[in-house]
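One structure is given here, and the rest of the page talks about it.
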Amino acid sequence: MMKINLYKLLCFICVIFLLHKNVVRSGDNMKYNDMKGLDDLSKLNDDQVKDILGLKIDGAKERIEKLFHLIDKNNDKEITEEELNTWSSFLKNEIFLKQVQAEMGQIDSDKDGFISLNELNDAFAQNLDAKEVEKHSEGLLKRFQIVDKDKDGKLSINEVGLLIDPMKDEELKELEINEILEHHDVNKDGKISLDEFKQTRSDESSGVKKDDEMALDDFNFFDANKDGFIDKEEIIKVYFDPAHESGAINVNEIKENIFEGKKITYDLWNEKALKIAVTSLTDYGDVIRYPEDFKLDIGKNVILPTARSRAFEDDDMDADNTEDDKDEADDASQQKSPAIDEL
């Protein structure tokens, strides 16, 4: 995950343009649509729900009921739009903090609590050839210098947060947008035509140009006003849309699709519990699975059955390896037992 985030956030121009499109439109469709696929768990049995949430139906419903009381700040047994928005802000902040901490843990190789330019370069260079690293080195340096607010040559956790979310810093936001335009706006008229987009559009992993049909589909996604051009405002609207942030809750979609436009009362919430369980309201189930990670007092973190199985397999493999190592050691010991004066 760390490498993907770095590539999306620190590479510039077409790479950012492409990866953001993939995240919003194809890679995580379920994360921007609350009622797709298995989001509705109400038709599943105990074992199926446990596979998804690590809890059987009654256990999941109990946590979802407790969640209602956390969101219902005034304890009137009804969740208002304002309370949903407050909950959404809390989720976004918690998810963002966890993301920043994870990035820090991966990149901060000397574990001093800061990220140096060398550490950032090393992390960025993983799995990239020298030519790609050199190509993006200047852009990486620019970003480092912009977010290094106290100019001490290293990034604190708050400064890394700016690097991960350019929307939080106007100078970095402007840099991202200008680089997208610089790459795609061939004739430098301040907007991107379809022909320019096709000419400069390529697959980020192979460098192969996309076919015209796919390029048109991608272009139309950004061309919000359908005037045949992508301008700066449209880039901002899509690339920096708060609705696409991790933890963002589409309040209207939740109210209409799950609660059918009705007031979100305590009884209705519990009635819809298994439809709520893996939507944006719960960070797609993570709040129910891992409440301690969100500092929520609704239960202990679970271990999903699949993760437990993998852990057992790893333990078995480790045990096998230990036995093999022991056998090899015994063989070696038999081949040459040291004399007393060699010890």
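Residue positions begin at 1 at the first shown residue.
Using N, Cα and C of the backbone, Cβ positions are placed for all residues, glycine too.
Annotation source Swiss-Prot lists domain 'EF-hand 1' at 59-94. Counting residue by residue with DSSP, the domain 'EF-hand 1' (59-94) contains 27 helix, 2 strand, 7 coil.
For Asp72, Asn74, Asp76, Glu78, Glu83, the entry in Swiss-Prot reads Ca(2+) 1 binding site, with the evidence type sequence analysis.
Annotation comment: Swiss-Prot describes Asp108, Asp110, Asp112, Glu119 as Ca(2+) 2 binding site, evidence class sequence analysis. Under DSSP, Asp110 (Ca(2+) 2 binding site) is assigned to coil, being neither helix nor strand in the three-state scheme.
Annotated domain 'EF-hand 3' per Swiss-Prot: 135-170, in sequence order, evidence recorded as sequence analysis. DSSP assignment over the domain 'EF-hand 3' (135-170) gives 25 helix, 2 strand, 9 coil.
Residues annotated as Ca(2+) 3 binding site in Swiss-Prot: Asp148, Asp150, Asp152, Lys154, Glu159. Sequence-distant neighbours of Lys154 (Ca(2+) 3 binding site): residues of the same chain at least 6 apart with a C-beta under 8 Å from its C-beta are Phe114, Ile115, Ser116, Asp148.
All protein chains considered, the CB of Asp185 (Ca(2+) 4 binding site) has 21 other CB atoms within 10 Å. For Asp185, Asn187, Asp189, Lys191, Glu196, the entry in Swiss-Prot reads Ca(2+) 4 binding site, with the evidence type sequence analysis.
The domain 'EF-hand 5' feature in Swiss-Prot is assigned to 210-245.
Sequence-distant neighbours of Glu234 (Ca(2+) 5 binding site): residues of the same chain at least 6 apart with a C-beta under 8 Å from its C-beta are Phe222, Asp223, Ala224, Asn225. For Asp223, Asn225, Asp227, Glu234, the entry in Swiss-Prot reads Ca(2+) 5 binding site.
Taken from Swiss-Prot, the feature region 'Disordered' covers 313-343.
This prediction places the mean pLDDT of the domain 'EF-hand 3' (135-170) at 92. Rounded to a whole value, the Cα-Cα separation of Asp150 (Ca(2+) 3 binding site) and Glu119 (Ca(2+) 2 binding site) is 18 Å.
Ranking the binding-site residues Asp72, Asp76, Asp148, Glu159, Glu196 by other CB atoms within 10 A of the CB puts Asp76 at the bottom. For the pair Asp112 (Ca(2+) 2 binding site) and Glu159 (Ca(2+) 3 binding site), the Cα-Cα distance reads 15 Å. The CA atom of Asp152 (Ca(2+) 3 binding site) is located 46 Å away from the CA atom of Asp227 (Ca(2+) 5 binding site).
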